[in-house]
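The Mg(2+) 1 binding site annotation in Swiss-Prot covers Asp7, Asp139. As annotated by Swiss-Prot, active site applies to Asp7, Glu67, Asp139. The annotation Mg(2+) 2 binding site is assigned in Swiss-Prot to Glu67.
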Amino acid sequence: MRILGIDPGLRTTGFGVLERHGHKLVYVASGTIKSNGNADLPSRLKTLYDGVSELVSTYRPDCASIEKVFVNVNPQSTLLLGQARGAVICGLMSGNLPVFEYTALQLKQAVVGYGRANKDQVQEMVVRLLNLEGKPGADASDALGVAICHAHGGETLAAMAGLAPQLAQKGLRVRRGRLVG
């Protein structure tokens, strides 16, 4: 299975492509899509949409995984990030890809084994898990991390998270990937 991971951002959007063969992960590509900070917002969003659409047609992934938005202290920054995510998701959907979303906590737990890991720890584990010769940039590393998260059973985590309301009615919840009462 070929997975396209995305770390969305208005200025810089990271991407990472990997393949899962059984339990083995194979690095395919990574990099960034940059929008012109001097351009108007619609032009920047179109740059992201076009860039992601091109990635989909170039790498032909089976699915995509994307990091969820966190609420920032600055509401304007959160709004802009949400718009960037929207453009990216539309680009992914233009290729009819299934899109899976993961929180930073889920990503860190899947990659490092600790949900409060810092960016350097995530970057180092991405290098180790994919046998990379050098460190990818921070945005590309996060994108590879979200792809690794999906490859390591993220589909199950996403499905369980989607069941949260039904589980809560039964007095259950998901904690650290397990059902608890």
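Even glycines carry a Cβ here, placed using N, Cα and C.
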Packing count at Asp139 (Mg(2+) 1 binding site) (other Cβ atoms within 10 Å of its Cβ): 23
Spatial separation of the residue listed as 'Mg(2+) 2 binding site' from Asp139 (Mg(2+) 1 binding site) - C-alpha basis, Å: 11
Neighbour count (Cβ, 10 Å) for Glu67 (Mg(2+) 2 binding site): 24
Spatial separation of the residue listed as 'Mg(2+) 2 binding site' from Asp7 (Mg(2+) 1 binding site) - C-alpha basis, Å: 6
Neighbour tally for Asp7 (Mg(2+) 1 binding site), based on other Cβ positions within 10 Å of its Cβ: 25
